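Here is the structure we will look at.
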2 protein chains.
Amino acid sequence: MKCAANIDARMVEETAINLDPIQVAGRLTPEAMKAVIAWGDGYSVCDNCRKPFRLDYIQNPPLKEFHVELAEWLGMAQARTVPGARRAFQQVAGTYVEKGDPVLIGALAHYTSYLSVEICRGIVREIPKTADNHITPDDAANRIEDVIREFGTAPKLLYIDHVDYQFGNMHDVRGVAKVAHQYDVPVLYNGVYTVGVMPVNGKDLGVDFVVGSGHKSMAAPAPSGVLAATEERAEEVFRTTQMTGDLTGRKFGIKEVGIIGCSLMGAPIVGMLASFPKVKARVEQFDSEMANSKIIVDALKSIEGTKILSEYPRKHTLTRVDTSGSFDVVAQTHKKRGFFLSSALGKKGITGIIPGATKVWKFNTYGMTKKQAEYVAETYLGIAEENGLRVA
Amino acid sequence: MKCAANIDARMVEETAINLDPIQVAGRLTPEAMKAVIAWGDGYSVCDNCRKPFRLDYIQNPPLKEFHVELAEWLGMAQARTVPGARRAFQQVAGTYVEKGDPVLIGALAHYTSYLSVEICRGIVREIPKTADNHITPDDAANRIEDVIREFGTAPKLLYIDHVDYQFGNMHDVRGVAKVAHQYDVPVLYNGVYTVGVMPVNGKDLGVDFVVGSGHKSMAAPAPSGVLAATEERAEEVFRTTQMTGDLTGRKFGIKEVGIIGCSLMGAPIVGMLASFPKVKARVEQFDSEMANSKIIVDALKSIEGTKILSEYPRKHTLTRVDTSGSFDVVAQTHKKRGFFLSSALGKKGITGIIPGATKVWKFNTYGMTKKQAEYVAETYLGIAEENGLRVA
């Protein structure tokens with residue numbers, strides 16, 4: 001029984017300012033925490049499951065209403081919850097991609113995009129990134145043509161990240177979707193860094209699917225996510241089972257194939273639901289998040305030898321920075337080597353950056369107050385000056 | 001924001017004795033509740049994710065150790081966690097089943113077994129149930145022969161429930177597996193009613209895969225489950241990605257295809273981990289669970305006109321009962337109609353049976369004390385007598 005004896009209480013969010021690239025928008029709201037405590041037991045939300053016996057029809061807690069609101073909020077016809085965005089990718093790929101079928105994916109995409117095609121035995125072709133790390137409609141068009149030449153068919157699907165995980169850059173989803181639709185290629189919008197963080201309207205963007213992450217960006221417990229679709233695509237991706245038992249004649253009603261009936265039967269969906277009002281409200285405040293981000297980005301930028309690798313001005317709170325010419329120079333002679341930076345930050349109550357990283361690293365300022373942003377900026381500048389780096 | 005305003009705190013387990021067929025073994029332990037509170041935030045367990053960047057390698061909390069212990073405990077070579085047993089079915093089917101491939105499934109199986117084959121575009125053939133509602137090795141052998149005649153190939157996979165969800169009957173897994181292996185058919189053991197409830201050893205049973213449910217039977221939050229495999233099958237079902245970006249040359253290390261890299265990044269896995277010591281201990285006490293079950297089953301059996309539809313003596317705490325000749329007779333003239341029974345039980349603090357059900361229904365006695373079992377038995381007898389039913 002060694003395992004369990006070692007589970008310490010996690011205190012990260014209580015004791016520090018967290019800059020972790022993937023964690024900051026997934027912290028629970030107090031409402032979500034309360035809901036998770038009350039609904040933590042296994043199949044808790046199934047108390048009042050009645051015909052037609054499907055999670056998204058449960059009225060108490062109001063999961064049915066939640067699913068309807070979720071779709072509206074995303075500008076899509078229908079929405080479902082899934083155990084993580086990756087499972088939404090899998091569900092969409094599983095609907096359209098068979099063995100040997102080509103799928104186009106932006107070259108900055110998360111590995112789960114690629115694996116969701118591999119799991120269907122499909123073949124990935126990449127849309128290249130430009131020199132300034134963007135995925136463009138022109139490149140998408142060229143690659144669709146390449147795929148048609150190679151496979152004799154257009155891609156079965158195209159994945160485009162609105163904001164990518166590598167640079168936090170924003171890509172021209174609308175332009176890419178327009179091009180894709182000229183070839184009748186369905187477009188999967190990867191909104192794991194946007195849905196729940198900034199306003200997203202799938203209809204305005206002209207995409208077929210919107211995928212979001214509950215635990216990354218909707219203040220919900222893992223594993224949770226959303227998959228929303230247009231009416232036309234909903235019929236395909238949310239198709240109900242056609243299975244019949246060959247001996248028994250058993251049928252399974254309106255259970256959906258892609259989600260295998262029900263998805264999030266407890267804590268994650270109640271957490272997502274409980275956070276939803278605040279999440280809806282916070283996306284409207286994205287400007288102030290960017291203002292906070294700017295305070296820290298500009299501070300880092302002012303440290304001689306530091307480069308912001310993400311697009312600038314920033315359009316998202318996730319930023320990639322290169323401190324090879326600043327903090328890493330310090331690391332080479334510091335007695336703590338590369339750990340001097342995380343150690344110095346830790347002493348000031350700042351966490352979430354991989355310990356030892358002094359060359360290229362990412363941080364995410366989402367969810368902090370202006371005062372915290374100023375504190376983080378001052379702390380970085382202070383560490384720079386203490387270690388003999390020049391600040392402009 | 002109507003949704004969230006309606007989330008009341010759930011008080012079912014605090015205020016009543018719950019007989020819900022699917023909920024009772026998924027209630028959190030106090031240890032799990034504590035862990036969920038501390039680790040509820042989105043990607044909480046990723047704090048200390050280091051190379052090789054995979055959930056089952058994380059050492060704090062001790063997820064790596066947990067995965068190793070889990071496999072040992074189930075008598076299998078390797079284990080992974082998944083977002084629900086259904087996702088384990090999907091993972092196994094996705095490994096072996098291509099379009100048009102036949103899969104054999106016991107006719108008492110849960111709908112998710114069928115849908116996990118449908119999602120891969122496979123074809124289900126059923127192993128019939130006997131007159132006394134069992135799946136037998138002989139029937140499995142006959143159906144394998146049928147499949148070979150029909151498809152020119154043996155089934156790609158065979159699913160067998162150890163204890164089925166319809167009757168809570170126990171099936172001869174060892175015998176079925178032996179037959180299947182004579183035809184080189186891999187066997188998926190569905191242990192959603194056994195893993196975490198009674199001792200399960202996949203090696204002794206001779207199966208290729210053991211699937212369990214965290215939220216059904218391991219005192220963990222949903223959606224959670226386990227998939228364990230023999231060494232030979234682990235190489236297949238837990239294969240790592242072979243994907244390479246065609247332009248970028250990107251590769252994705254040891255991320256596993258079937259699980260799309262990582263699975264339960266927060267509350268569910270920490271809950272499962274925290275409950276694990278108690279779960280390991282409680283499976284050894286299954287005899288006393290059966291003794292409690294017997295108290296209630298025998299009480300119901302003594303009410304004239306009531307039939308136990310499950311095998312008797314019982315081998316599991318999930319039982320199906322037919323009260324068409326007893327409580328349903330009362331319902332026909334009672335002013336509350338079929339709701340008299342749930343209403344009477346509710347007044348006595350007993351819940352979990354679908355309101356209005358007086359003909360065929362199921363209940364699960366798992367996790368109650370002897371005193372609670374006696375109280376439930378007395379309550380049923382009391383309701384019978386108050387309503388003029390004879391008790392033997």
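Glycine too: its Cβ is placed from the backbone N, Cα and C atoms.
For the pyridoxal 5'-phosphate site, TrEMBL gives A:ALA85, A:ARG86, A:SER213, A:GLY214, A:HIS215; the one candidate out of A:ASN190, A:ASN201 that the record lists there too is A:ASN190. Cα of A:ARG86 (pyridoxal 5'-phosphate binding site) to Cα of A:LYS216 (N6-(pyridoxal phosphate)lysine): a distance of 12 Å. Surrounding the centroid of the Cβ atoms of A:ALA85, A:ARG86, A:ASN190, A:SER213, A:GLY214, A:HIS215, where the record places pyridoxal 5'-phosphate, the chain contributes additional residues within 8 Å, namely A:GLY84, A:ALA88, A:VAL192, A:VAL211, A:GLY212, A:LYS216, A:SER217, A:PRO223, A:SER224, A:GLY225. A:ALA85 (pyridoxal 5'-phosphate binding site) counts 29 other C-beta atoms within 10 Å of its own C-beta, drawing on all protein chains shown.
A sphere of 10 angstroms centred on the C-beta of A:ASN190 (pyridoxal 5'-phosphate binding site) encloses 31 other C-beta atoms. Each residue contributes its Cα atom, and for A:LYS216 (N6-(pyridoxal phosphate)lysine) and A:ALA85 (pyridoxal 5'-phosphate binding site) those atoms are 9 Å apart.
The record assigns A:ALA85, A:ARG86, A:ASN190, A:SER213, A:GLY214, A:HIS215 to the pyridoxal 5'-phosphate site; their largest pairwise CA distance measures 14 Å. With all protein chains in the displayed structure included, the most crowded Cβ environment within 10 Å among the recorded positions A:ARG86, A:HIS215, A:LYS216 is that of A:HIS215.
With a threshold of 8 Å between Cβ atoms, the recorded positions A:ALA85, A:ARG86, A:ASN190, A:HIS215, A:LYS216 that neighbour chain B are A:ARG86, A:HIS215, A:LYS216. DSSP assigns A:ASN190 (pyridoxal 5'-phosphate binding site) to a strand segment in the three-state reduction.
Sequence-distant contacts of A:SER213 (pyridoxal 5'-phosphate binding site), defined as residues of its own chain at least six apart whose C-beta falls under 8 angstroms from its C-beta, comprise A:GLY26, A:GLY84, A:ALA85, A:VAL192, A:VAL195, A:GLY196, A:SER224, A:GLY225.
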